[in-house]
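**Q** The structure that follows is given in the form of structure tokens.
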Amino acid sequence: MVKLFIGNLPREATEQEIRSLFEQYGKVLECDIIKNYGFVHIEDKTAAEDAIRNLHHYKLHGVNINVEASKNKSKTSTKLHVGNISPTCTNKELRAKFEEYGPVIECDIVKDYAFVHMERAEDAVEAIRGLDNTEFQGKRMHVQLSTSRLRTAPGMGDQSGCYRCGKEGHWSKECPIDRSGRVADLTEQYNEQYGAVRTPYTMSYGDSLYYNNAYGALDAYYKRCRAARSYEAVAAAAASVYNYAEQTLSQLPQVQNTAMASHLTSTSLDPYDRHLLPTSGAAATAAAAAAAAAAVTAASTSYYGRDRSPLRRATAPVPTVGEGYGYGHESELSQASAAARNSLYDMARYEREQYADRARYSAF
């Protein structure tokens, strides 16, 4: 019986269709499809070779399928990692290169690196010696033993096989080889430099030997700062500020506080009325004198004090012709004449109804 691998299968392909396709060259014992690839078991080796020769790159539902003999990897094979491969290199060319040193069971290219499985370990060692750091298709490739394995748990590996060094008998997290590929030796150097290895965290923070000895001064400073920032200190500061405010308010004059309180509590005052605050002594006398002077100045102003509305203002009396005028009354006569002229002009100007002619002018 020969097992064949069928790759790049279309979604429309069925097991019955694949079986009937391979039965043209021999008896098919088994046919299995797994996603986009499958396996076919043919009884005769000659029939299997004919199927590979005729069905490889056969177009099925518009897709070229791949047919080749299935390669069972031997348990004793040696896996090599080949890095820095040319992007134009193919599996067949890389396989032929390594077959110069021994039989190759499997060859897989992944981007710019590949994995080559060789049947014998001595052939793999010879391939490393002969091909590592050599030119192949214009690029210098690197060949070394592969340390990658299938991990049973993330970051753990397996006791039966470490994925870092490939050896058995220890977990991957306990491997002496670190991630960079170097052997880590942290037993004696760590103990000599830092003393005893730290025990698990059984004590609370701050009580451990590793914090108090090294950071004693810092711990004392932290305690002082914490005491200064305590709740009692903040409360005392707030109380002192409150006492200072009360003492300052108590020093204000009692009379001023009483007058202000009466002014604020009075309900008969106009909210828009502006009054001067009560003062005492010379300040009150000066304020009264200033108010009286302002009143006299306003009364003596003829232009701004005069009401210019003809409706609210009374007409000034016009002197008669029979009245005589003596020396010293020219100023009074001139003032009366000016008042008469202004009043007559204003009356002639504002006597007519302002809104009577609105209808006549609204048409324009």
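Glycine is treated like the rest: Cβ placed from N, Cα and C.
Annotated SUMO2 cross-link per Swiss-Prot: LYS79, LYS92, in sequence order, evidence recorded as a large-scale study or a structure entry. What Swiss-Prot records for 2-72 is domain 'RRM 1'. Annotation source Swiss-Prot lists domain 'RRM 2' at 78-148, citing sequence analysis. Under the heading phosphoserine, Swiss-Prot lists SER86, SER309. The region 'Interaction with TNPO3' annotation in Swiss-Prot covers 196-364 and rests on experimental evidence. The annotation zinc finger is assigned in Swiss-Prot to 160-177.
Have a look at these and tell me how they're positioned relative to everything else.
**A** In the three-state DSSP assignment, the secondary structure recorded for LYS79 (SUMO2 cross-link) is strand.
In this structure, LYS92 (SUMO2 cross-link) is part of a helix by DSSP.
Cβ contacts within 10 Å of SER86 (phosphoserine), excluding its own Cβ and spanning all protein chains shown: 14.
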**Q** Take the C-alpha atoms of LYS79 (SUMO2 cross-link) and LYS92 (SUMO2 cross-link) and report the distance between them in angstrom, rounded.
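**A** Their Cα atoms are separated by 17 Å.
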**Q** Taking the Cα atoms as reference points, how far is SER86 (phosphoserine) from LYS92 (SUMO2 cross-link) in Å?
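**A** Computed Cα spacing between SER86 (phosphoserine) and LYS92 (SUMO2 cross-link) is 13 Å.
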**Q** Look at the recorded sites LYS79, LYS92 and tell me which residue has the greatest number of other C-beta atoms within 10 angstroms of its C-beta.
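**A** Per the Cβ count, the most surrounded site is LYS79.
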**Q** Report the DSSP secondary-structure composition of the domain 'RRM 1' (2-72) as helix, strand and coil residue counts.
**A** 19 helix, 27 strand, 25 coil
